[in-house]
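**Student:** Just passing along the structure, written as structure tokens.
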Amino acid sequence: MLPPDARLFGLIPAAGHGSRMGAALPKQYLVLQGRTVAEHTVSRLLACERLVRLVVVVAPDDRRWPELPVATAPRVSTVPGGATRAESVLAGLQALTDAADDDWVLVHDMARPCLRLADIEKLLQACGPQGAILALPVADTIKQADAAGQISATLPRSEIWRALTPQLFPIGALRHALEQALSKSQAITDEASALELIGWRPTLVEGHADNIKVTWPADLPLAGFFLQQQHQQQQESECWQPSV
Ligand SMILES: Nc1ccn([C@@H]2O[C@H](COP(=O)(O)OP(=O)(O)OP(=O)(O)O)[C@@H](O)[C@H]2O)c(=O)n1
Ligand SMILES: C[C@](O)(CO)[C@H](O)COP(=O)(O)O
């Protein structure tokens, strides 16, 4: 469990340009259910009342972010990102000047707008001393491919999980691990892999399958469906009255 006396900060890497989406604007500014992906995602994190404040890491040439209502939320601030996700996350950590090394940070992709508050709370509760990440066990059989696109191995499915975000770590440890990985030009695609490189073994916490990362064009209508489904479920639960 997150240490009761530790403060919790949020960090959203949002400095990417969404090349795989191939849209006319960065995917975090595409609209789903009447709001941008960015507004959905930031709102999901701000729903966590334990979050002291939230740093959003934006592209240095981002002119859209300041136009969003969430940009003026009291707990939100921004910092320019870098050329890679890891550099952007490190820039966000360096902006947490009011945080101590033993405070904790929740890193969540701006591209994951369907995150549930219940999953954030589950992560905070299940977190071990070496951090934790939301993840999903895989249902399909996993094949490893060779350079020619042919099967080179079938991996043990019971040991395979798909990493999601948020990913939760002590701020000092994450900053050190990212600095180490970047100084050695080690390719890392999530925060946990940087900690693994310094020998940490973060805890895997099962999340929900609707916490998808909007990456490809086909992900957009799916994320829209999940947002609509979650909104409907919330309305039904608010209207539900226990029978006396
Ligand atoms: N230099 C970068 C690259 C990515 N990200 C962020 O990291 C998250 C996950 O990255 P990804 O889905 O790859 O986003 P993009 O890099 O924008 O997408 P693509 O790789 O298709 O260009 C996104 O919220 C993205 O904005 C970032 O902050 N800084
Ligand atoms: C962090 C992540 O979402 C875990 O699956 C993923 O690694 C991000 O990868 P991306 O290439 O930065 O989208």
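Here the Cβ of each residue, glycine as well, is placed from N, Cα and C on the backbone.
Okay, these came from TrEMBL:
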- Arg20: site 'Transition state stabilizer' (SITE)
- Lys27: site 'Transition state stabilizer' (SITE)
- Arg157: site 'Positions MEP for the nucleophilic attack' (SITE)
- Lys213: site 'Positions MEP for the nucleophilic attack' (SITE)
**Student:** Using a Cβ-Cβ cut-off under 8 angstroms and a sequence gap of six or more, which residues of the chain neighbour Arg157 (site 'Positions MEP for the nucleophilic attack')?
**Tutor:** Val138, Asp140, Thr141, Ile142
**Student:** Return the members of Lys27, Arg157, Lys213 (the recorded sites) with CB less than 6 angstroms from at least one atom of ligand 2, or none.
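**Tutor:** If the test is a Cβ under 6 Å from any atom of ligand 2, the answer is Lys213.
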**Student:** Please report how many Å separate the Cα atom of Lys27 (site 'Transition state stabilizer') from that of Arg20 (site 'Transition state stabilizer'), as a whole number.
**Tutor:** 9
**Student:** What is the total of other Cβ atoms whose distance to the Cβ of Lys213 (site 'Positions MEP for the nucleophilic attack') is within 10 Å?
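**Tutor:** So the number of other Cβ atoms within 10 Å of Lys213 (site 'Positions MEP for the nucleophilic attack') is 17.
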**Student:** Measuring CB to CB from Arg20 (site 'Transition state stabilizer'), give everything in the same chain under 8 Å that is also at least six residues away in sequence.
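**Tutor:** Set apart from Arg20 (site 'Transition state stabilizer') by at least 6 residues yet with Cβ under 8 Å, we have Thr215, Trp216.
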**Student:** I'd like the number of other C-beta atoms within 10 A of the C-beta of Lys27 (site 'Transition state stabilizer'), please.
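**Tutor:** That number is 26.
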**Student:** Under DSSP, is Arg157 (site 'Positions MEP for the nucleophilic attack') helix, strand or coil?
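**Tutor:** Note: Arg157 (site 'Positions MEP for the nucleophilic attack') is helical by DSSP.
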